[in-house]
Every structure is written in C-alpha cells, then in structure tokens.
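Per Swiss-Prot, region 'Disordered' is recorded for 1-45, 58-117, 999-1081. Taken from Swiss-Prot, the feature compositional bias 'Polar residues' covers 21-30, 1027-1037. What Swiss-Prot lists as transmembrane segment is 165-185, 201-221, 473-493, 867-887, 894-914, 919-939, and the listing cites sequence analysis. The N-linked glycosylation site annotation in Swiss-Prot covers N407, N713, N836, N1055, N1161, and the record cites sequence analysis as its basis. Swiss-Prot lists 1213-1269 with the feature domain 'DEK-C', giving sequence analysis as the kind of evidence.
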Amino acid sequence: MPPTSSQAPFHRYSHLDQRSAPDTQESSPADGNHDPRRQSTSFDHPNLYAQRDVFAVPNHPQSTNLNHQPYLHQGRSGSFEEPIYETPQPGHNVGYEDAEPYGHEQHDGTMWSERPSYSAPYDSDIKAPLDPTPYTPDLEADGMVVKEKKVHATEVMATTNARRWWIRITWMMTWWIPSFLLVHLGRMKRADVRMAWREKLAIFMMICLACAVVLFYIIFFGKLLCPDSDKAWNEKELATHQGDDDYYAAIAGKVYDFTNFYKAQHSDLSSYTTSSALMLEFAGQDLTNYFPMPMTVACPNLVTSTDLTLMYSNFTPIVQYAVHTSGPLQTGTDTKLNDINWYTDTLNPALEDYYKGYYVYDKSSIASGADSDSKYWAIYNNKVYDLSNYIYTISYYSSSSGTDLPNYSFLNSDITDLFQTSAGQDITKDMDEKLSALTAEDAANQMTCLNNAFYLGELDFRKTPRCTVQNYLLLAFSIILIATIASKFLAALQLGSKRQPELLDKFVICQVPCYTEGEESLKRTIDSLAALNYDDKRKLIFIICDGNIVGSGNNRPTPRIVLDLLGVDDKLEAEPLLFKSIGEGSKQLNYGKVYSGLYEFEGHVVPYIVVVKVGKPSEISKPGNRGKRDSQVLLMQYLNRVHFDAPMTPLELEIYHQMRNVIGIDPAFYEYIFQVDADTSVTPDSLNRLIACTADDQQIIGICGETKLANENESLTTMIQVYEYYISHHLTKAFESLFGSVTCLPGCFSVYRIRTAEGGRPVIISSVVIDEYAEPNVDTLHKKNLFSLGEDRYLTTLMMKNFPTFKMKFTPDAIAHTVAPSKWSVLLSQRRRWINSTIHNLVELLFLPEMCGFCFFSMRWVVFLDLLGTIILPATCGYLIYLVIVVSTGKAAIPVISLAMIGATYGLQALIFILKREFMLIGWMLVYILAFPVWSVFLPIYSFWSMDDFSWGNTRKVIGEGNQKTVVIDDDEPFNEGMIPYRTFKEYEWNAWEAASLHSESPAPSEKSQRTTRTGQSYRPHPHSIRSPSFHSSASELPSKADYWRDSSPLGMGNESKRLHQVSSDPSMRGDKSFIRGSKPQVERVQSMAGMSMWGSGSVYDPYKQAMGGPGFLHPMMTGNSLASQATFYPPQTQYPMSMYGSPMMMPMGMPMMGLQYAGNASMAGGAAGPRGTMMTMGMGDQSRISSFSMGGPVAESGAGRLVGLSINEEKEVQDEEVLDKLKTWLSKQDLMSVTKRQTREAIYTLFPNAGLQNRAGWLNEQIDKILSES
C-alpha cells in the first residue's frame, strides 16, 4: 500500500528527534471509510509531545520507560497522531494550561485574536484560525500535570569601560534625586527602570546645557568679552541716525540721542529761534566745534586770558549762531551763555539724559586723515586727540605782535612737536616719555587741557582682538555651515532627465514585515510589489507577520488579512514550527507558520512566502510578536545559513523547502533584499532603478530611494510633513550619498546586497552583522533606543561599521509613497522614536573607527553636525525669536551673518524647486516654516524627555550596575539552546528519504551524491546530484564528483552525449505512451509518489489526477489557493518537482523538462494547452517560445526541451551559413529576456557536435550580437 503523508519523518515536530529515523507503522482500515492519512507513528524518542514542550521544563530528562499511545489531532488540513504520557512524570509539564478568555481589546485599540478551538471534527466546516499551536489535551484538568515553579537565577555580566564611566557621570548629575522618591512617587520599583530614568534625566540636562551654551555663546558671550560693543558709533554709523524719530549726534567724543529734544524750542534768545527742520540739518554729525569750551575753563593754569580763542582749521558752521560760545566771548545779552561755566554747569548735566555711547575712530581713518587732510591728531591711551586747531592758531598768530596778544602756545612744545611729527599714529609710548619729563603738576595740567579742549573720541575698541574673536569664531562656523548647505544644494541639484536602465535579471527578495496594518494598506503594498516592472520569476514577495494580532480598526488578525489578500484557502492551515526569536528568556522560543504560492495581479504572477509568527501556546498577550527587528533577523539568519549551508531551525528548513521545492528557485540564487514596509507602495520602475545602481557600482551594498507622502492633503498634520520628507532625502541623504555613507537607509524603501558581486562575501547576512543586530539583552537606555526604537537606522550603522570600504547610496530616481501619520498623537509617537533613535545612532557613528574623509572634510564631521543640529534644535528656534525681537525693536544692529545663513538655507532650497520645476514645494516650504516651532521645539523637547518611554520585560531584571552588572532571571519557561533542533537541509532531506525508502522501490542515494558544502560563496545544488525518487531506478548513475560551474550550466561543459545516452537508456526517463495515456504501471508509479508530494495531504492539487491528464491541470497557486506549509520533502540529491511556474527551475542534465505531454488540457491561470498538448506556463506564454536553456532544461530529443525544427549535423566540416541559419532559427524561438549567450553557444555546440565550434566562441558571440542588433 502506498505510504501516506503521516508516515513521513518530517512531521511538524519530528525534527526534535535527531537520534534516529522514526519507525513507521501502517494501520489497517477499520471500515471502508478509512482515512489513509490516519497513521499511528511510534518514535524511539521517549515522548514527542513532551519534547516539543521542553521549553517549559528546564533540564528535561529523557525518560525511556514511557508508553506511547496514539492521540489523533483534528481540526486542520491533515490530522496526525502524537503520543501522550500514560504516566505523568513529576515536575514535567506535558500539556499546556488552558488560557484565560481572550479576544479582548487593549487600551491602544489593539485586539488580540482568539485562540482556536481544536475540538472540531476533521471534516468540520469551522474556519480554522491562525492557531499558534497544535491541539493540546487538557491534562492538567485530569490531574496529570504538576506545574513547574518559576526559575530564579542570577547572572553577573561584565560592563564595558565606557558604560562604567557613563554610570558615574549619570550619578554625578542626578545624585540629588533620592531613589526612594523614584520608588514611591515615580512608581519605579525596578532598579533598571530607575537607572534608565536617571540616564534620561542626565541626557536631558546635557541637551538643555548644550542649548544654553549655544544661546549664551551667540548672544551673551560676545557682550562679556566686549561689554560696550553695542554702545559705540563711528562716523558712518552715526550718519545712519538722521531720521525724524532717530536723531543722533556726537559732542566731545560722546554720542547722544536727541530724538526727544530737537523738536523743542531750546533757544533763550528771541532773535535766534530754532526749528525741527533746522535741527535735522545737524543730525548724524559730530557737533563738537559747535560747543567750544572757554579756554580758561578747559585749560586752567595754562590759559589765563579770557579773550583767547582758537581758530578753526577746517570747519564752517551751517549757521553761525549755532555755535554755542559761552563766557565773556558771548555777544548776546540776557542769555545763559553769558555764564563762563555754562558748559560745565548747564550743558554737561543736560547731555547726560541723552547719552548713548562713544564716538569712535578706527586706526585706518586716523591715518588717512593725517595724510590726506593734514590733521594733527594722534592716539594716546586709546583716545583720539586733535591739535589741528591749536597748531593752526599758532601759525595764524605767529606774524602778529603786541603786548596785548594772548599766549597761544600754552601747551608744552615737546608735546606739540610730537603731534606734528607723529600725526595719525599711536603716540602712547612717546607721550608717556614726554610727560614723565615734566613735573607732576605740569603733566596734570597738560592732560587736563588735552581732555577738555582737544579730545575727539575713543579708538574703536570693537576692532580689538577681545571684541573680534567672537565674531570671527561665529563667522568660521557660519562659513562651514554655509559650505555644508551649499554642498547639499549641489548634491540635490541633479538636473537632466531620468536614466532609463535596462531590465535586469537579478533575483530579489521583497521583504514586507507587517504588524497591525489594515487591509487597504496591505493590499496597496502587495499590489505595488506585484506590479513592479521586474521579471516576476526573479522577485519573491516575502511577508513576515509579526504576531497573530488584530489591529485597531481591523476585524481579523493581520496574518489572516494577508492570507486572504493572497488568495489562501482559509481551510488550509500550516503547522507551527520552532525557531529562535529575539527576546528575553522564554521569548526566544517561538513558533511560525509558512505559506507559499503565487499572487496574480494585472497580468503579473509573482511567488510569495508568508511567515506567520504565532508564538508558543502559553502566549496570550500578542502571541508571536517579537518586533520588526526579529522579523528582519529571521530572514537574514535564514539566508546566512543558506549561504554557509549551516544547520537550520525547523521553520527555516520549511522556508528552504518552500522556496526550493515548491516555488522552484534555490534560495542561494537571491542577491538582494528589497525592504518595504506594509504601509508603503512602490512605483513600478523603482526596484529596477535601485538594482541598476548596484549593478553599475559593485561597491554599493545598500541603497534607498525617495519616499513621498501618499496622503499629503489628508490633514494639517500630514501637510507639515511634506516638505520635511523632501529635504530629508534631497538634501540630507543626497549629500551623504556623495560620501557613499548614507547614515539611515529607511526600512520602508531600501535595497541591501545579500553578498558581494565579487567573491560572494556575505554582506547584510554576514554573521557579524546578524550577531550584533540580534542582540537579545536590550537592558539599557542606549540599547533600547538603538534596538527597539530605531532598528532600521541601527542596521545601517552596523553595515557602515562592518563594511567601511563599501558604499551606502541614495538615488532620487526610485520613488515610493508611504502613509504618513494623519493624527497628532501618532505623529508625536513616531517622531519621539525617530528623534531619540537618531541621537543614539549618531553617537554610535561618531566612534566608528573608519569613516571617509578627514577633519572638516570627513563624514565624521558631517555626523557631528547632524548630532549637534538635532540636539540644539530648541536653541535654534530660540535664537530666531531673539533675532526677530531685537531687529524689530531696533535695540541691536542687524545680524547680517545670521540673516545670510537663513537666506542661504531656504533660498537655495527654493532654487532647487524652481530649477526642477516643482513649484508646489515652495508652498509646502512655507507651511513647514510656519510649523518650524513644532519641529524644532515641541517635538524635540517631548522626545528628549520621553527617551525612556518604552516597555520593560519582566524576565531579566538588572538590580545593580558598576564594574559588573547583576541580572536576575525570573522566568516561568526558561530557555536554552537545546530546545530547538538544528539540521542542515541535506540531513533533513536524507531523513525524509530514509523514511520514504521503507515504502519505495528506489534505494537511498549514496554518500557520494550528497551535497557538499561550500563556504564563503553562494551555493546551489549540483544539478547532476539532484535526482527524483520516482524517475530514477538507482543512484548508481549519479556522478561521484561534481563541478559547480560546469553542472550549473543548462548543458554542461562536456559529456553531453553521455548524459543524453544515460537518459534515453533509462526506461523511466522516456516519455512513453503508457505514461501519457495513464496506463496502470505508470499510474501506480505516480501514486507511489503521494507520500513524497510537496503538496501533501489536504492540498487542492491531486498529482494522481494531473498525471493522468485529468481535466483542469491546475497548480493550487494558479487558482488563487495557497500551499500551506506541508512537511513533505523530496529526497536529497533529487530533482525538484514541478515548480509553481509549471516547469522545473533547475533540471538535471538529460531530464526532460516538459516532455510529458498530457492528454488533458493544461489550462492554467495565464496559460493554456498548446496545439500539441504541451504545457504553457503562466507568465511565459507559449512554451515553444521559451528556451529550454533559459529554463535550465537540457537539449534532448524528447520532451518540451527539444530543439523544435532543428536537426543535429554530425559532420566535421560545416558552412558558416548553415550555422548562422540555425543560430537565427534557435534565437527566434527563445525568450530573449532570459536567454544567455552561453546557453545559445551550448545549443549550437549540440547541433554541430563534431564541428569543433567550441574554439570559435568569440565568432559565435559576434554573430549573436549582430543578429540581435538587426532584429
């Protein structure tokens, strides 16, 4: 009797027994309704069910005296029996406790799905939900279970030196907050939670300090160094104050504001009245000569004559009566100016109310005045003295004589000579020497006279180093920032039309992690991936459902929504399989289900894999959920083990089987991972553009495109995000791409290279990257923000850290659209995660040992600027508000540098829009500017203070940190690595073969045919070592030694005739009529394959009927139904069964690809039977147009892979014309998008086996190019 699926050793949990092959027994039917799938399976292993649940029992003993009794599990596609304990063992949990009622909704709107009922009969119509575990008998209710107590353990871990120093700094900054307040008021019972709060507070204080330092340095530090810098005016600056409401003037080296004075009538002489119009003529000028001090008052003890007055060398008053002469020289009567002390007693006290600052001169103007205007002025002790009028007066009266003339030479002659010989210079040193030669009284008289009569103002102290150092530093930083802005502008200014790359043929995995997204969002994402302008056979949609969870607004769990969208029959239920997740304690043990199939959308038929993480039976809250990082690591770890042919978990083995045996593509073929979020839709040409960039530059290991908003007009919240999304790509990422170091490749739209193009070195699947990225102990604030909040950014950081010589790039040509948060609360939560993860990741990047560039021209400097810019965002907004206030109130000069930076920032951005003719972005920029306080103040401050806002696990608790970290482990279900069995796929297939060989005619393959391991490069099975159990009579024909590159060729490099002869000489390889018509021997032979069918029991595909040519030759995927994960494998070193595309993707040499011409119609979704009954596969059109070489099939005389219409010429001498004719004929029948030159040459070699055309490969290549160019 043929074996059934339940007899296979690859039962969903039989992988736990790695010691021996199972002993399969056949049960006799009790009646005519016997279900052939019901078979009892006995195991050498003591208790399979207990072994499966060993994660709940630490150090589970392997008892061998347990009786095995079959127990039938029902309620899913295919039943199976498992032994249970007849006599329970103390302390062993052999069954799962019934859960509390479930299906309840949480406070955040998330509803957890109900656990299924497994008591329904096998043929029940009850819809089977995504149950996390198989049925478990309620053994505890029967008193058969002794519950295990919690396991308490203490683990001491060493802390790094950096961590120890950070803890010290944290306590230094937060020591003033006692812990008992955090315990009682803050309700922080755990030490690690309190430590994270202290770290958060310390970081927040540092950020506030940084903002305060920036504002202090920009606004106040300069004033400390140069206190009166805003209280000094030179001649040009004073001239700017000539308005009606801005009336400044200088008198005797001091500046006064006469705005509230000049309009009043201040003259006490009726004959000389004033007016505001007349007063405005004096605004903004130095009025010292209009207020001469009597010389007897200005120079006491030196001038005794009240008649002495000085002549002006270069001064003409606007009106003569504006000169305020006081004392005896005043000609008017009844005026206050008649008082000789009017200047000191009346004028000076009145001017004090209008005083503003100093009237200053710089050295250059003093020097030029001495040269061009012949002024006799000089600098002494930073004060400017002008003796021009004094020297002019002496010269004027030098020819006069008389005893009544005053003594005009009242100053010391040495001082006068010094001013004449050193005019325009600083004479401080010489002046001190002259004064020291005088008596103290005489020197004092000389200085009093100079200060009262000849003082003009101060040397401009704003030009001194003390006052200029601040401005120069700000200018230097401004230049660097403006240069960075300009570089970003140039990076974004990529004019010209989009490039149109040719369609590439690289194999790509489209990874889509999903959590609680809705049906509309998921459908939009899946449809966009299916509609990509990329070869459908070379892209794989890989969806990972992170838990069996009902999202807010959904009526079904997210995995159910995904499977319904893909057309999976809800009656098909996969079995949960073990794998290791990222988590604490028992959370590391997880179960997942695998589904595969084809998804059809608008003419595209794309294979898919769906992995549903369903969790352990004991999980009630969010079963299976481990986070997005775990979903990414699941695929990365799987591809890593595929690459190195390493032992895999049961879930990974099932994925391998589905990809290799069901879909028909070896997972080692895939070269790229296309990461797309479940709320993101990609444009049709996006993937090909991203892959084209990596194909052009093999140094690129990661690349992203531009992400735009799909709902930009939905709400005000989305509107303020449009421009922010644009500049984050076209300025930030475009600039970083110049260095080849994009610091954040978003997980919603990025491509990573799986392995390098040269050498096959693993990249994103590198063990180093995975080990760091899969860190399970996330117990500090820094790790929480890296791994829990910003996993996508940290993955990019790890790639840059471990592959510093490679490039991370950005291309604006590839575009995707994502759904931005439309509610303020959602945006707040998103930006909190993004901002905090950005800070922690930038800190990590700062300390990477190898980053391109040097000093200010390095990526490290750019990262520092980004980090500083993120931290001081609130200070930036505060400074802008300050500028607006001081400029609008006129209390300070216009900050030209600051305004130039702002203008450069937004002006260059606007120029980009204009040049690219994206004028709408100018409007979005204005919206962004109006919302600038939100982006720079509210969101950052909220994010900084909420840096410790995340969940803490209860399994691992850190109770103390110092030189060592003490961790208390408190777990109901302790985890150890031995709970998960690991096998290589070769071993897994071998066990499957051994089990099937008990009921098969074919012996097991020899050891020589087993797949060998290749380390360090991607590896595919040798076609010659892959044999089908039902098509090969023995394993003796398997070659003992294989050449990878030779055997991966559709035809091989030699011995073609030998292999063809082997095929034709084997009766099982001939497409005889008895098989075609479904004769009894072949029908029995096909029926004997049922136990090894990849579709397994419960599948909608019936291999018996299809082999007989029955109606509707439909692959289950072609009808919209999906293949649930079935534990059915083909034996090792055997050829894959028919793939989802209707033909083997990798056939061994000499094996007919589609040689079996069925009697029935081969109708499929997207294909139909050809005129000769030949299979026409979906997505490929007429089979006659498809090259057998491009499909991996051989050139044989039988089967669909034969050279139709072409005969083999065995002559040694052939004409070139004949070769060209057959070359043209052969190419006309091929799919030119997939056929290669090598396949074409191999076909010609086969058509002319004795012509020696192998030596004319170059000539053949030229003819191929010529024919293609002419077609």
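The backbone N, Cα and C atoms fix where each Cβ goes, and this holds for glycine too.
A map of Swiss-Prot features onto the structure.
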residue: N407; record: N-linked glycosylation site; contacts (Cβ under 8 Å, 6+ apart): V303, S305, L308
residue: N713; record: N-linked glycosylation site; contacts (Cβ under 8 Å, 6+ apart): M719
residue: N836; record: N-linked glycosylation site; contacts (Cβ under 8 Å, 6+ apart): N785, L789, G790, S943, F944, S946, M947
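By the Cβ criterion (distance under 8 Å, sequence gap of 6 or more), the transmembrane segment (867-887) is not counted as touching the transmembrane segment (165-185), fewer than 3 such pairs being found. Confidence over the domain 'DEK-C' (1213-1269), given as mean pLDDT on the 0 to 100 scale, stands at 86. Within the same chain, residues 474-475, 478, 481-482, 485-486, 489, 492-493, 727, 730-731, 879-880, 883, 887, 921-922, 925, 929 sit at least 6 positions outside the transmembrane segment (894-914) and bring their C-beta atoms closer than 8 Å to a C-beta of that stretch. For the domain 'DEK-C' (1213-1269), residue counts in helix, strand and coil come to 41 helix, 0 strand, 16 coil, using DSSP. For the recorded site, N713 (N-linked glycosylation site), the DSSP three-state label reads coil.
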